[in-house]
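Some features that Swiss-Prot has for this protein:
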| type | residues | note |
| --- | --- | --- |
| SIGNAL | 1-31 | signal peptide |
| TOPO_DOM | 32-605 | topological domain 'Extracellular' |
| DISULFID | C77-C129 | disulfide bond |
| DISULFID | C103-C118 | disulfide bond |
| DISULFID | C104-C114 | disulfide bond |
| DISULFID | C152-C172 | disulfide bond |
| DISULFID | C164-C177 | disulfide bond |
| DISULFID | C209-C215 | disulfide bond |
| REGION | 266-307 | region 'Disordered' |
| DISULFID | C334-C337 | disulfide bond |
| DISULFID | C364-C418 | disulfide bond |
| DISULFID | C383-C395 | disulfide bond |
| DISULFID | C425-C438 | disulfide bond |
| REGION | 470-490 | region 'Fusion peptide' |
| DISULFID | C550-C557 | disulfide bond |
| TRANSMEM | 606-626 | transmembrane segment |
| TOPO_DOM | 627-665 | topological domain 'Cytoplasmic' |
| MOTIF | 650-653 | motif 'YXXL motif' |
Amino acid sequence: MESTTLSKPFKNQVNPWGPLIVLLILGRVNPVALGNSPHQVFNLSWEVTNEDRETVWAITGNHPLWTWWPDLTPDLCMLALHGPSYWGLEYQAPFSPPPGPPCCSRSSGSTPGCSRDCEEPLTSYTPRCNTAWNRLKLSKVTHAHNEGFYVCPGPHRPRWARSCGGPESFYCASWGCETTGRASWKPSSSWDYITVSNNLTSGQATPVCKNNTWCNSLTIRFTSLGKQATSWVTGHWWGLRLYVSGHDPGLIFGIRLKITDSGPRVPIGPNPVLSDQRPPSQPRSPPHSNSTPTETPLTLPEPPPAGVENRLLNLVKGAYQALNLTSPDRTQECWLCLVSGPPYYEGVAVLGTYSNHTSAPANCSVASQHKLTLSEVTGRGLCVGAVPKTHQALCNTTQNTSGGSYYLAAPAGTIWACNTGLTPCLSTTVLNLTTDYCVLVELWPRVTYHSPSYVYHQFEGRAKYKREPVSLTLALLLGGLTMGGIAAGVGTGTTALVATQQLQAAVHDDLKEVEKSITNLEKSLTSLSEVVLQNRRGLDLLFLKEGGLCAALKEECCFYADHTGVVRDSMAKLRERLNQRQKLFESGQGWFERLFNGSPWFTTLISTIMGPLIVLLLILLLGPCILNRLVQFVKDRISVVQALVLTQQYHQLKSIDPEEMESRE
């Protein structure tokens, strides 16, 4: 700050606006609802920048968002790169060695190529960073009791601090703007995001400076309010000024967070949402071999990139394989149906043993699965975190995470269903900092099981049920299979994993494609993305129905299955079965019924001409009678009118009595 306009008293005052500032900041800070699972690991880089927004210092690590707040230790001279000329580093490149020769000790000639005595007094306006001697003097200034440095916040400061100025005064235009630093009055604040202090003591910094290296390391720590802020991606700015006699040299520095997803996201095609609309690929026939078959473990070949039809067919095939291995009697003849409306998946809570990892497993860095929420979870299983009372019915065992930072990976065939979404692994740091909770579940696609008679009756239109038959889903038939829960006839371990291997692969592929669809929809239709996704699944099933690959039963798309597997041309199979039932039905009909069934055109002709014939017959029968009545009515009316007309043209003569005439005479 300028000594010509401002005095420099020792600071021991408390800002009376402090409590109000805390309330304002708490009212403004709220966690950002990011489009990622809070347990997903990202590559995070905290960067310290100079006035030109060039990165001059950085630290990198792999952590979940908003859980890693390391101490930042840049050098004071690094912040002055390309800064004001009195720092002497206007032409110094970032991350380059410090300039200038070393300073000389009292014994002349002890340091070859030295310049200036290390003990020479500091003069005003001397560059502070361009030589080892100046850096040593700068270190003594920052550690001196009556000198030091102070830091003022930039644009993120409250409104009452408008008098603090802008970058031209390093945000320190008046006293009271400083919030941290190393000075005799110990500047502090209850609302700023960082604190700044010396990283080295004066005794530690002196030999480092004499060795011609950066020796004015700072320690920048995040405050509690700074750890609550989620605007670090755009960055925040501060001004730093030295507290010396005369003019206070200053500089501008910033702090920002760079977030890099560890997994690649490369779109292919003009529209990633619809680019996978392709016909089903024909299955490859296995090569002919004359060798004697031997028992080998089940291995699945690497499938080609699946389109919509293939993904949905793979779900049905995986469901059939799991059902056939566990309940062969149910697959003698059946229909497996995909539901066109949500929910598309069901969760079954299970008990399992997860694995602990001190470093993030590979699946923790996979693209976020948070966008899929399980609307139906049944059973009782393992819960982690602060489970609310409304969801404690799902918990057989609730485990609290202890202190420390580690990761909980779900066992094979399961996934963590959290209040923030689906994730393959958890970060205990996130669970300890939040009130999140998770349940270990098996994920089953919404595939319903129907008997053949029910399907045939629906298409024939002769079925009359007092109530809708209960639909059996995979979650009811196979729930708990992976962890050896209620599956009858199948043991745990390898057999259970083999039974669900193809189904799990199909579920994984379908979830991945659904996530991609939601991600693309969110970019343009934030509020309507869920509705569009539901219509998308309905259109996918409509494509299958129109292509004859499945039979549409109400809101479901059904595939015929028997011991030969899932039939791809389900409509052809349905027509074949319906024709057989039609022939059986016709064999029991009389000649009159067969007449109509054998000649469809005759039924159409009769129904077409029957109406006009009946109308014509009624006209012929009732027409003459009605016409006579009408003519007679008209004649009667006309005669009455004629009589009225005649009476108006003539007057009635008065009758004369002869006797009266005689009496008058």
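Cβ coordinates come from backbone N, Cα and C, glycine included.
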Note = CA-CA within 10 A of C172 (disulfide bond), subset of disulfide-bonded residues C77, C103, C164, C209, C337, C550 in residue order, equals C164
Query = Given the disulfide-bonded residues C104, C209, C425, C557, which one's Cα is the least distant from that of C418 (disulfide bond)?
reply = C425
Task = Based on DSSP, name the secondary structure state of C104 (disulfide bond): helix, strand or coil.
result = strand
Note = Check: min Cα-Cα distance from C334 (disulfide bond) over disulfide-bonded residues C104, C114, C118, C164, C209 goes to C164
Task = Can you figure out which of C209, C337, C550 (the disulfide-bonded residues) comes closest in space to C104 (disulfide bond), comparing Cα atoms?
result = C209
Remark   = Neighbours of C114 (disulfide bond) among disulfide-bonded residues C103, C152, C438, C550, C557 (C-alpha cutoff 10 angstroms), in sequence order, are C103
Task = Check the disulfide-bonded residues C104, C114, C129, C152, C364 for other C-beta atoms within 10 angstroms of each C-beta and report the one with the most.
result = C152
Note = Cβ-Cβ distance under 8 Å, sequence separation of 6 or more, same chain as C395 (disulfide bond); the residues meeting this, in order, are A349, R380, G381, L382, C383, V387, V439
Ask   = Nearest to C177 (disulfide bond) by Cα, among C118, C337, C364 (disulfide-bonded residues)?
value = C118
Ask   = Sequence gap of 6 or more, C-beta under 8 Å: which same-chain residues meet both conditions with respect to C215 (disulfide bond)?
value = D75, R135, L136, S139, L200, A205, T206, V208, C209
Task = Do me a favour and check the Cα-Cα span between C364 (disulfide bond) and C152 (disulfide bond); whole Å is fine.
result = 39
Ask   = Judged by the number of other CB atoms within 10 angstroms, which among C118, C172, C334, C337, C438 is the least packed of the disulfide-bonded residues?
value = C118
